[in-house]
Structure formats: structure tokens, C-alpha cells
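Data block below; observations after.
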Amino acid sequence: SGVGGWPGFHCSNSWLWCAIHRCVPCCCCDWLVNICQRKRELKARTVWLGYPEKCEEKHPRNSIKNQKYNVFTFIPGVLYEQFKFFLNLYFLVVSCSQFVPALKIGYLYTYWAPLGFVLAVTIMREAIDEFRRFQRDKEVNSQLYSKLTVRGYVLYYSLQNQRIPSDMVFLRTSEKAGSCFIRTDQLDGETDWKLKVAVSCTQRLPALGDLFSISAYVYAQKPQLDIHSFEGTFTREDCDPPIHESLSIENTLWASTIVASGTVIGVVIYTGKETRSVMNTSNPKNKVGLLDLELNQLTKALFVALVALSVVMVTLQGFVGPWYRNLFRFLLLFSYIIPISLRVNLDMGKAAYGWMIMKDESIPGTVVRTSTIPEELGRLVYLLTDKTGTLTQNEMVFKRLHLGTVSYGADTMDEIQNHLRNPYSQVTQSSAPKVRKSVSSRVHEAVKAIALCHNVTPVYEPRAGMTGEAEYTEADQDFSDGNRTYQAASPDEVALVQWTESVGLTLVSRDLTSMQLRTPSGQILTYSILQMFPFTSESKRMGVIVRDESTTEIMFYMKGADVAMSSIVQYNDWLEEECGNMAREGLRTLVVAKRALTEEQYQDFESRYSQAKLSIHDRALKVAAVVESLEREMELLCLTGVEDQLQADVRPTLEMLRNAGIKIWMLTGDKLETATCIAKSSHLVSRTQDIHIFRPVTNRGEAHLELNAFRRKHDCALVISGDSLEVCLKYYEHELVELACQCPAVVCCRCSPTQKAHIVKLLQQHAGRRTCAIGDGGNDVSMIQAADCGIGIEGKEGRQASLAADFSITQFKHIGRLLMVHGRSSYKRSAALGQFVMHRGLIISTMQAVFSSVFYFASVPLYQGFLMVGYATLYTMFPVFSLVLDQDVKPEMAMLYPELYKDLTKGRSLSFKTFLVWVLISIYQGGILMYGALLLFESEFVHVVAISFTALILTELLMVALTVRTWHWLMAVAEVLSLGCYVASLAFLNEYFDVAFITTVTFVWKVSAITVVSCLPLYVLKYLKRKLSPPSYSKLTS
């Protein structure tokens, strides 16, 4: 059933068409949106369970909407986007003027046909893009979920690895502990799994069916942006006394997160636009390329020239008669200075570039979703990238174990297995404290510590056939190694435990009070868990106190970051150096240590610890102080190195982008240490560069001091956290952005989705350069939509980013070819095409000006009706459009020398300087063609038209040949075809041409002479320029 306005939900079927992400209204103008769609006021709500009569409140539709328009706004929206451009608006006015008899020049179709064609092409292209968006949304919105609807309220039932469809309060899970893990990387970019706890009142119900017989309600605060907080209450009324439970963030399941363990049942509180993930996503905007804006400026310059020329003509006429009417007629006569075909040619060019990108076999699976901005790929200066899933695969692999005197890498892990197979060394610490331990016993100790000091739980899937939440017994489970998976909040911890399994020491079971390890010989070792000290971002370490059941030894194990552990462990001379070495390899390091406790020491600790936990004032400080009393003189066991595997070819790709002059910023929701580590391992920050870690700041004074400290650094990468960034932007926005823009690389960690988009907008405002954002998760959508050019990667974590992006790729490494080859050639081709089309209009306007001035400034058209339409379409369109196939260097060269890309960011291919050169060429050629024809024509005016028009067509075809840098067979076909069309059409154009005269030798030599004079000097100049000042690309190809 559809997800209408929903908790009425009178549907009884158990499946639901359901959406996961967004609902975006977008109209042609903002004011229209505000009038049409009054913003719903966000309110707190109460969701009733077991009170069908109270379920009146309507919620927003729970569907994703990436479309820009709806049925009513499509035509007005597209027309507004078109006539927003000066070029099209000007032609609309010119075409409308032809309905006034006094201003009419020639036939109506000469003006309306090109304009109608432009609009038809544009509307069709937008309609196709919009329909594709609609289809993609429909595909995502038709995912099926189990829905349990009883007595008026709705519960969702989500299985393992299924996405949560809307924001819910977590009522029940199949996991015995009453909690489950969820993955949130699509929401906040963090790789750690989050532990969520079911509402204890509903989790304790004996059977699933009892959920439908209770009477209760959930009170939830009004929807808000913050994904890390929630306040609510759960009240059960059908028992005495009523049960009240407070709800916090750990009782919620936000939309776009994924269930990592077990099955969950939740009651829906927010849907559609009110979900946290949608509120953190911005509306899509219509993106306009820089090239289009530059051409728009040039058309305004042409318009000024057009008015000036018309005024000069009327002035030379002497303002006789109704001069203002003559002025307007001149404006119409010279209107070809601004070519209507410019937009058609460019739009068709964009479509061609999109097709070439999608057909490129070197980057398979690439999709162009916004066909209007392929040239933007050639102008980028800033690339803002996500980390998780974009640069990294988010798969941890254990790479290195260092014991101080000996180090084990991937190729020597079998030695560790051999050590573990030998029985435990007989040397114990108590009997011989001074005897140096053998390597074997140290390996034993280190591996055992890694296998015990963690928060990992082994999970066994129920046997096939067991579904739902049936209370399965131990016998129903399959305890074989192949059926075991590990769950933990951090993928690093899972990697460590998987590694101990691979070398022979396996974690086989764990609950709240004990865990069991299996040795290589099959012996089971049982340990009681006496205390757990979880990892926090402040302490940067975690610990566990365990008792070995066989020997009753009590051991305190601890692992953590080197900065936290170096002061805790006994003095040593290798830890700091080795941590540095591993960090340079891009490994994430953990220091593992232990301390043996006597029974008395432990009992003393426990009593102090319990007391501290009960204190009302400064509880956290007192607890930390008690734990720290244990953290002294610990024995350093080993240093581990875990690698977060990078995506394929990330290093060479980043290197190529840097050489191309692109500055790379990494924006991630992950922790500072992780982000810094990946920045080093991916060579985002080169080995020789310093890294300035921006200290946490909370107020204006601290921000000022820290910015001054950063200002004194030169050529170093910046690492800053989202909180500090927020403070700095509040007080010193301009200074921070200015300093950051000078850095070779910037890493922003702990960034929320809205912060990512904000950083993109700041760069656009302050730097004024083109930005590109690339990401793979739902948390990157805002950033992708805010950037001038958004690229989405189709990752393992869903397609949300790739659907919202302008370009979708399958691997990060493809961005190299997309920018260096396709971006570069799209921009250079469009620049050449745009200027050539303008030249085509200028040359005919120059001829008209010469013609009018010779014939006493008469406002009479030189070429009538079909000649004008044919000139802009049939006779010259194919050769001119074939410029979209031109290339200055081969793709392999462009990839090998990314420095070529750097030239483009200066915008030299299309500027007022190059435009001026084309204007001068047009004036020279137009003058030669017209004066030549006037000098050589015989007695009749009809010969002027025949000679000048034929010479004009030949000149245009020769100019295309002059502009081309690398010939393609289709270009030659286009030239020959156009010439053939013109010669063939001469037979039918009796009203313009004298067929008898055209076939004479006189006509041929006169046309040839004029054409040679108009083109030969340009060929000579081009040859000299290439010899004396060759462009950078020609040095590579020669």
C-alpha cells in the first residue's frame, strides 16, 4: 500500500512501499514555492500504541524525491531557466517584433523556426533528465518492508543488513541482550557501529504478539537537525502503576542506517521530510556551468556592439524620417550578431560529451545525470572528498605486530602460528622476574591480550529454517567456525579478533560476565570478565579486568592510542619510534599492555570503584581517578598496526589531481586520528609535509590564538574538527578560509552533512573558483548538491549519493580520466564551438553593415528568407558542430601530463582576448567578402548575392578546417556533405540566384579569388604562431 499521509493507515496488508530518503519540493522560483507550499510547523508528537481512535495526526509522505519539477511547474520552470539567459530572452523579443508590420523583415519563420527548435530541444532534454530522476526515485521508493499494523499504529520489522525506512523508537530485538548494532556511515560518515538499546518495557514482554495487546504511548520531541541527540518518553498505561521510561539517542533507529545484527521492531515517529537524514540534506539546485555564464557575458557585449552599430547607421543616415523605426529595423537586420544557434549547438555538444563519457570503456559504469555541465569538469580547482567508502574501502586488515625486539608482518604470520602451537612456556613471572622472557612466551602473551582486550561478540546465525523471533535454543545454533561472525562498535576491533583467530587463538563465545577462547590444540580457556572500561574519545583507550578460571590469576589488560598509553607503560626506548614508522605507512596503531593484580589489589580497587560510581558530584572525574590508580607501570606487550584498505589506485589518482593544480580537501564524519592516518596513507598529505592539527577551540579568544599559530606555519596541511571549524567560522570566517585556501591539503573531521555543504559554499564565495564534491553516502548528498559539480560513487552502502550527483562513477580512480580527458576536452571543444558560432553571426552582420553603408544606409536585408535559415543550419551546421570531435592531445597524453589541465583553470580558451581576436577575423573576412563581391559584380544586384554568399559558405568551411587540431573522419564527411548540399540546392534557389550565371567560369574565378583573399592570410598567421609561440600541448605531440 502507498505511504499516504500515514498513521491513519487503514491498510491491512503486511507489506509497505517505503522510502528511505528525501522529499524535495523545487519550483521555478523560490517565491512560488513559498506561496504554493506553506512550510509545516514542526511540532512534538505523541504516538499511541493500542489507541486506534487517537491516531489522527498526519505525517509527511515517506518517500524520496530528487525531481526538480512537478507536472504543473515543469513547463514554466524550464522556460524560466531558458529565458533567464540574456541570449534567449533577446531572441524572444526579436521574434515577437516580427508581428509588428512596420518592423517586419523577411519571413516569420526565419526568426521563429530557430527559436522554436532551441526550446523544443531543451524541453525534451529536461523532460528526459526529469523522467530518469522519477524512475530512479520510484525504484528506491518501491523497496518492500514488513509492516505490522494493529489497532491503528504502525511497527516496522527490519531484518539484518536492511535499511531502516524511517525514524523509529526501538521497541524489540531478537538479540537476547536487548540491544543490537547499527551502521550509520550513510547518516554521519562514521565507520564505527553504534549500539542501540530496545525499550526495556517492550523487550521484556514474553512474546512478540504481546506488543499488540499493550496500551502505551511514545512522546517524541519535535523533529530537529541534530542526529546525535533525542529526548522522549515511553509510557505504558495498562499496568499498575504505569511504567514511565525516558528515551534517549540510544533508543532510536534513524532512517538511512542499516541493521548490523539481529532483527529489530520499532514504532515510527518521524517520516519523509521530518526524518533526521532528510533534514540534513539540502534541496537540489539548477546548476549552470561557468562556460555558459561567460558566453552570456559575451552575448551582452555583442548586444552593446549591435546597438552601437545601429545608432551609427541611423546617425550616418542623418536621422531622416521616422528614424526610431529605422533604428529598430537596423537592430533586427544586425540581430545575427547574436547567434540563436549558439545555445542549440552548445546543448547538442553537451549531449555529445555526455554520450562520449558514458561510452568510454576505460571508465565503465559512469553515468551522466546532469547533462548541462560537462565543461565544469575541465575547470575545477577544489575537490572535496569524503573518506569512508570514497578513499577507503572501510575494510580493516591486520598488518603488523611489533614486540620491541621483533616485528611480524603479513609474510611472517606463520611464525606466530608456530609459536602458539608450542605449549605455554614454563617461565612464569612470579618465580623468575629477572629472567628475560623467550620470544615464544612474549608472542603468547601479546596474542592472548589482543584476544581478550576488546568489546567484540561472536555471533552464530540460527540454522536454516529458523526465522523471525522464535526463541531458539542452544541446540538450534550452529557453532561451527564457518557460521561465526564478529560484531563490535569498531571495525578495528573486529580485525584484531579475526587476526587472533587466523593465528590459532579463537574467541568462541562471550556474554556480559565471561568469554571463552579456543587454543590451536582445541583446548577451551574460560575467563570471567570482572570489569570493562569502554573506549571514549577523551581517554583514547579501553581496558578489561579478567580472571583466568583455570589458574584464578587476575589480569588487567589495556589497549589504546600511543599518545594515551606512552605515559602508562613502563619505560622503553622503541615505542615512539615504531609508532611513527607505522603511521608513515598509513597503519592505525594500538599499544597493548597488561598488569597482573593480586586478589587483595583487585578487591581494594573494586570497593573504591563502586564507591566512585555511586557519588553524586563529579562522578565521571572520581571514576576516572580510581581507574587511573591501576594504570601505572603497566607491562608493554606489543604494538599492533591495522590498515584501513584504500580504494584501488587512490594514491596515483590523488597524485595526478595534485599535479593538475587541484587542491584536495577531505571532509569526513570520522575521528581525527583516523582521518589523519588516511590522509597520510593515501598520500593526500605528502611524506615531507608537516601537518598542523588545529587545537579544539570553544570561544573567540582561543580561536584567535590558534589562527595566529596557524598563520606562522608555511606549506603545511591543516587538520581541523567540525566543532573548532564552527567556532572559527562564527568569528573569523574570512581569515580561516583565506589561510585554508593556501594549504596544499585540508582535512576536516567530525563534520556533519550540513557542515560539509557549508564548507563548499564558503569556498565558492571566498575563493570564487569551481568546486567539485565526491562521496558515496547519504551524508554526502548535501555537499554533492551544493558543489558546482557533484560526483557520486556507487558504493556498497547504497546509491543515495550517486542518485543525487551530476555524474556517477563506480570507482574513485575513474575521476582522473573523467577530469583530465573528458573535462578538459569538453571545455576546450565548447569554447571553440561557442566562439566559432559567434564568428558565423559576426561575419554576416559585417557584410550587412558594408552592404547598407554602400547603398545609402538603407535598412534592407542583404540575404532574404531561406538563404539566412540555410546559412545557419543546412550549409554550415554540420562542419561547425563537428568541432565537438576535435582534440588537441590524445587521451593517453592528457593522463600522462596532468599539468595540461592546470592551464584550463585560467580560462584562456574562452576570454575577452580570444573573443576579440575572433571579432577582428570576422570584420576582416566580412569586409573582404562584401567589398570583393561589390568590386567584381557585373550589371545586376543578383550577382552580388550569388558571389558573396557562395564565397561566404566556402570561407566558413575553410575556417572550420583551420580551427580543427586533430582530424576525425566525420569532420571530413561533414565538410563534403555541406558543400554537396549547397551545390545541389543552387538548382532550386532560382529566386535568389541566376542559374545561367552560376555555371560560368567568371563566377567560379571571382568566388575563388575572394575566398583566397579572405582565408589565406589567416592560414599564414596560424602557421607563424605555431612556429614562434607553440601552445603547451603541441610540444608534447610533436
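From the backbone N, Cα and C atoms, a Cβ is placed for every residue, glycine too.
Now, the feature entries from TrEMBL:
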- Asp386: active site, 4-aspartylphosphate intermediate (ACT_SITE)
- Asp386, Thr388, Asp776, Asp780: Mg(2+) binding site (BINDING)
- Asp386, Lys387, Thr388, Glu493, Phe535, Lys559, Arg588, Thr668, Gly669, Asp670, Arg750, Lys756, Asn779, Asp780: ATP binding site (BINDING)
- 55-112: domain 'P-type ATPase N-terminal' (DOMAIN)
- 803-1030: domain 'P-type ATPase C-terminal' (DOMAIN)
- 1-29: signal peptide (SIGNAL)
- 109-128: transmembrane segment (TRANSMEM)
- 301-321: transmembrane segment (TRANSMEM)
- 327-346: transmembrane segment (TRANSMEM)
- 837-859: transmembrane segment (TRANSMEM)
- 865-885: transmembrane segment (TRANSMEM)
- 915-935: transmembrane segment (TRANSMEM)
- 941-962: transmembrane segment (TRANSMEM)
- 969-989: transmembrane segment (TRANSMEM)
- 995-1021: transmembrane segment (TRANSMEM)
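For the transmembrane segment (327-346), same-chain residues at least 6 beyond its ends with a Cβ under 8 Å from one of its own Cβ atoms are 85, 87-88, 90-91, 94, 97-98, 103, 105, 114-115, 117-118, 121-122, 292, 295, 299, 302-303, 305-307, 309-311, 313-314, 830, 833-834, 837-838, 840-842, 844-845, 848-849, 852, 859, 861, 868, 872-873, 877, 880-881. Reported as a whole number, the C-alpha separation between Asp386 (active site, 4-aspartylphosphate intermediate) and Asp780 (Mg(2+) binding site) equals 7 Å. Against the transmembrane segment (865-885), the recorded stretches 301-321, 915-935, 941-962, 969-989, 995-1021 differ in Cβ pairs under 8 Å, and the greatest number is found for 969-989.
Residues of the same chain lying 6 or more positions beyond the ends of the transmembrane segment (995-1021) and with a Cβ under 8 Å from any Cβ of it are 921, 924-925, 928-929, 932-933, 936, 942-943, 946-948, 950-951, 954-955, 958-959, 962, 986-987. Every protein chain considered, the tally of other Cβ atoms within 10 Å of the Cβ of Gly669 (ATP binding site) stands at 28. Of all the binding-site residues in the list Phe535, Arg588, Gly669, Arg750, the shortest Cα-Cα distance to Asp780 (Mg(2+) binding site) is found for Gly669. Counting residues of the domain 'P-type ATPase N-terminal' (55-112) by DSSP class, helix then strand then coil, yields 29 helix, 1 strand, 28 coil. Taking Cβ-Cβ distances under 8 Å and a sequence gap of 6 or more within the same chain, the neighbours of Arg588 (ATP binding site) are Met396, Asp492, Gly641, Val642, Glu643, Asp644, Glu673, Thr674, Cys677.
Phe535 (ATP binding site) sits 21 Å from Thr388 (Mg(2+) binding site), taking the CA atoms of both as reference points.
Between the alpha carbons (Cα) of Asn779 (ATP binding site) and Thr388 (Mg(2+) binding site) lies a span of roughly 11 Å. Counting only the Cα atoms, the space from Thr388 (Mg(2+) binding site) to Arg750 (ATP binding site) is about 12 angstrom. For Thr388 (Mg(2+) binding site), the Cβ neighbour count at a 10 Å cut-off comes to 28, with all displayed protein chains included.
Neighbour counts of Cβ atoms within 10 Å were compared across the recorded positions Asp386, Asp776, Asp780; the minimum falls on Asp386. Whole-number maximum of the Cα to Cα distances across the ATP-binding residues Asp386, Lys387, Thr388, Glu493, Phe535, Lys559, Arg588, Thr668, Gly669, Asp670, Arg750, Lys756, Asn779, Asp780: 33 angstrom. The distance from the Cα of Gly669 (ATP binding site) to the Cα of Asp776 (Mg(2+) binding site) comes to 13 Å. Put simply, Arg750 (ATP binding site) is 17 Å from Asp776 (Mg(2+) binding site) when counted between their Cα atoms.
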